[in-house]
Every structure is written in C-alpha cells, then in structure tokens.
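Peer 1: Could you have a look at this structure, given as structure tokens, before my questions?
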Amino acid sequence: TRDITLESESLCESAYTLYHGGNSADNILCARPIISEYVAFCHFYGSVLTFTDRASTSRTFLGAVLTSSPKYGFQKGGPCSGKRVNFFTAVAGHADWIANNYKCSPTKFACGNSACLHLSKVCNGLKDCPDGEDEDRLFCAAVNICPGKLDLSLPDVYNRRHTS
C-alpha cells in the first residue's frame, strides 16, 4: 500500500528553506502521509521510505530516511497530520555510510573509519571518532531533544533477543 505522496521538488525546496531558517539541502525528498480511515501512519525521526521492486515484489529497497532538525516543529494536527510535510534524505549518495553502519551492532555507533563506539560515547562532549562525527552538532541536537541525560541504549528485551 502507498502511504505517502511525494511533493514537487520546488515545493520541497521552498518548504525546507522556510522550516530551516533559509538553509537548503541536497538529496531531500518531501512527502506527506496519506491519512484515511484504513491507514493511520506517522513518520518520526529515523523512519524510512522503502520501495518495492515492481518486477519482484519480494525485494524491498531503502529509499530515504526521515531527517530532523531542532528547528522543525510539529504543525497543527501533530506528527500524523496529512498537512505536515516530512523531509527525507535520499540514501543513494550515502550507501557507504549505510554499509558501514551494518558492521556495528545495534548498540554501537559507526565511525567513518569503521570503528564501532558504544552509544554512551555518542554526543557526550568527547570526540571519540577520528573525525569527531560522534559529536556532530546537528546530529547531537536532533537526538538530544529531551531534557536530561541522553539515553541511546536499547531496552533489555531487544538485547536478550539479539545477542548470540
């Protein structure tokens, strides 16, 4: 089922510029959720857009990831409003980063040099990756949106099911 509608490139660029204080970005897709009595669908930060291969419906591909910004707020109607425009980063230009992240377990952060850091070392004020990407200002602002200590750990139930 199709649960989004893609917006035009010009609308996407103008909306992104409006919401992000005049900044523009490359590889951005804009989409609105389709809300109906049958589909109650919400995108939250980190949600993905997937596409199914028309020739083989058993193959699904990652197309984009919902990106976030500390300046981006919910419009009237909340995150599930059909009027809300969501901004997604197309993943085609980020295949190396995605492949690198699969080398680390779900409780680890992948540095650009393929080193895996425990999530407690991410956004803690200390640069543990050689290029400092674990302390990226925009990334840390987006994941640390709640007051108090940042907790990127996974629940015990997840850890028990995914350890060998």
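Glycine too: its Cβ is placed from the backbone N, Cα and C atoms.
Owing to the predicted nature of the structure, the values given are computational and were not obtained by experimental measurement.
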Peer 1: So C104 is in a disulfide according to TrEMBL. Which of these is its partner: C111, C116?
Peer 2: C116
Peer 1: What is the total of other Cβ atoms whose distance to the Cβ of C129 (disulfide bond) is within 10 Å?
Peer 2: 18
Peer 1: For C116 (disulfide bond) and C129 (disulfide bond), determine the Cα separation and express it in whole Å.
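Peer 2: With distance taken Cα to Cα, C129 (disulfide bond) is 9 Å from C116 (disulfide bond).
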Peer 1: Least buried of the disulfide-bonded residues C104, C111, C116, going by other Cβ atoms within 10 Å?
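Peer 2: Comparing Cβ neighbours within 10 Å for the disulfide-bonded residues C104, C111, C116, C116 has the fewest.
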Peer 1: In angstrom units, rounded to an integer, how far apart are the Cα atoms of C104 (disulfide bond) and C111 (disulfide bond)?
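Peer 2: Distance (Cα to Cα, whole Å): 9 Å.
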